[in-house]
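What TrEMBL says about this one:
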- 28-55: repeat 'WD' (REPEAT)
- 56-90: repeat 'WD' (REPEAT)
- 268-308: repeat 'WD' (REPEAT)
- 349-390: repeat 'WD' (REPEAT)
- 450-491: repeat 'WD' (REPEAT)
- 492-524: repeat 'WD' (REPEAT)
- 534-575: repeat 'WD' (REPEAT)
- 668-770: domain 'Small-subunit processome Utp12' (DOMAIN)
Amino acid sequence: MRGHKDQITAIRFLCKPLLGDVISEDIPSQGYLLSSSKDTLLKLWDLSTQHCMETVVAHRSEIWDFDVSKDEMLIVTGGDDAEMKLWTIDHNVLAQGLESESTLNDEDTEIKKAIKFYGNIKRECKERVITLKFHPIANILGVQGPEKYVEIFRIYSYEEIKKKLIRRKKRQKEKKQKVENSNMDIDSDLVEINASDMITSYRMVRTSAKIRSFDFSTKEDISKSGTIEILVSLTNNILELYTMGLPVKKKEKFLETADPSKLYSVDLPGHRNDIRTLALSSDDELLCSASKSTLKIWNMKTTSCIRTIDCGYALCSSFLPGDRNVIIGTKVGNLELFDLASSSQIESIKAHDGPIWSLQVRPDKLGLVTGSADSNVKFWDFDMSQDGDTTNEHRMGSRHLTLVHTRTLKMNDDILCVRYSPNQKLIAVALLDATVKVFYNDTLKFFLSLYGHKLPVLSMDISSDNKLLVTGSADKNIKIWGLDFGDCRKSIFAHQDSITSVQFVQGTHYIFTAGKDKLVKYWDGDKFENITKLDGHHGEVWALAISKRGDLLVSGSHDRSIRVWEQTDEELFLEEEREKELEELYESTLTTSLEKTTLEDNVESTSAGKQTMETLKAGERIMEALDIADDNAAAWETYVQLKERGQNPGPPPKPNPILVALGNLTGDQYVLRTIEKIRSSELEESLLVLPFTKVISLFQYLDMWAKKEWNVVLTCRITFHLLKVHHDQIVANRLIKPRLESLKTNIRAALKRHKDLLGYNLAALKYIKRDWENNNTAEFFDDIPKNEEMSSESLTKRKFINLTV
């Protein structure tokens, strides 16, 4: 259904119209649909006729959300401003439908509206509405904005509003008496009920962070407990459950309850911020993940979080030898050491004056190297501290791991990544000037300078055979270098955005890359081919960790999720992967071009189909079948013409081998069988693939099917669809007119025969029903079975309800 001119923001279904608080079953409507859009319009659709019954200009700006009350009598819409709008639904108008002009009086020339504006409702938040939601049981409305709270509104019942009006009348009367000192009678029925009388602000559910979404609990025992529960999803990956008391009625007065309180919070299992770094232990049983303020240790077998430790803004991390300690480099330049057994920080070392972007444990496991934005590469050795200056979690004089600074390599620019070669002979340093410098580890003597990237290298790795270096840059390219002479073996455009992490699989030249385009890709570093891509994250992928055997890959993302990818025994074929990519590209471009014809641009209701590769292939199969049938028919037509002229036509034409293989089918039988194999849901979209020349050919076979009464339902469906889609071209083509007239005659005759057959069968069923009733009716009324008695009572009761409605 079409009608909105901008993005649709919300839709809600309405049941059949209510007459006397009972759903009417006599009205032929299939229900209604409400939709809102950024074009400021609120539309009411009739699902039976699939057209827009009513359009309301609800706001001056975009409508971001709306909801319908549980009794389907009220609509609340929210836009960009601090006011919501209240609307009422007139079910009598929905039941009657649109009145014709002939039924309208001269004085009453306006068509009655089903949606009527009632008033404005003020909110506490001045920014736009994100979510509006009525409670499914209680008279409560929840409104969410971009702030850290959900505003709860209370919906008053008719009795409460009536009492409020009586009190208002008394106040007006007293005020009038004071001013004029005269009696004044004000009828409460004349006092209008405002939107503020029906819906008022009740409570504020305040949360610890900005809210992404919320929902009400569907518990039905709120009358006993007197509370409702609200589940809130926050932007920092936390779920919180709040409980709020409902007004308590005592002595005909409602007593206010306490403010909402937090009942439960689900926050430990996940990170609150982007996951910036990942590291696996030496046995691949533990995973370390760190974000802005939290360090978490995970069990890889159970995928459960076993440690949560507060830390600084982590940028890099690693397990230390023995897997009992973890070290991270922070944004402020500190190296923080953590003990996993006690879940505590054992030491914080001020290592650099700028962010520590990279660290790596030496291959000999006796130290590590760090690289920072202060242009220094620092080398550290592991040592055991014996002094008494320890944290409270450790006894005085206890031994714990520490770092000793040994030497420093000063560079001319910020350092973004440092990597040892596995044989510990070389160390590579990536700089902010988009170059990579390679030094000898023992003397720190300059060896190679690798340049070619247009933007800085954010990550790099060296293969386990010390022969290849792979770099990933912000210019979206990865480059594979030889460490013998520093030659660039290959430059590959790998991602659609900056590359954040690259790693070799140990013992191979296979490479995993991650980027800000939300993808993880798998490459062959020898053949320079993309093996496959792993699509699953909803944000930038910041970190990768690969197991020692290469059978597990862990990725951390901006969406605060950690995904574990497991290698399977299924073989991958590069040709198939390339075919899939080409099909996806082909499908993304071709299906949109064939989505709909220009004739339906202004149509209010169209089919809900969508072009896919399956519909395209089905359309191609129809065209192939038409070609085979046309060639077969043309060959026989030429043979017959030559024979009628008295010429020697030669032997009869041989049918197509496909027709022979299927049992000597004729051309029209083969086309029908091909179309019958197409799914019913894909048929109409498949017919859109046919060019007009094939449509004319298909009309010929439709005429044959109608004449022979083959699958009349399918024949009619195809005919009506083609006439609707190609109407203009058919009208302009005079040559097709005789074929359409013949098709019209044959379809009408076939449909008449089917109608007669259905009528005959219906009459036979009615006869069988009467015969059964005559032969199985009890002679006396007392002999009526109880089940029939109950059935007749239930039928009578149901009929009575319909009559009263």
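The chain as shown is numbered from 1 upward.
Cβ atoms are placed via backbone N, Cα and C, with glycine included.
Among residues of the same chain six or more beyond the repeat 'WD' (268-308), those with a C-beta under 8 A of the stretch's C-beta atoms are 236-238, 314-319, 321, 323, 326, 328, 338, 340, 343, 539-540, 542-549, 552, 554-558, 560-562, 564. Per-residue pLDDT, averaged over the repeat 'WD' (534-575), rounds to 91.
Within its own chain, the repeat 'WD' (28-55) is flanked in space by residues 1, 3-17, 61-63, 65-66, 68, 75, 77, 79, 87, 94, 97-98, 113-115, 604-605, which lie at least six positions past its ends and keep a Cβ under 8 Å from the stretch. For the domain 'Small-subunit processome Utp12' (668-770), the DSSP counts in helix, strand and coil order read 88 helix, 0 strand, 15 coil.
Counting residues of the repeat 'WD' (492-524) by DSSP class, helix then strand then coil, yields 0 helix, 20 strand, 13 coil. Secondary structure of the repeat 'WD' (349-390), assigned with DSSP and counted as helix (H, G, I), strand (E, B) and coil, comes to 0 helix, 24 strand, 18 coil. Helix, strand and coil counts under DSSP for the repeat 'WD' (268-308) come to 0 helix, 20 strand, 21 coil.
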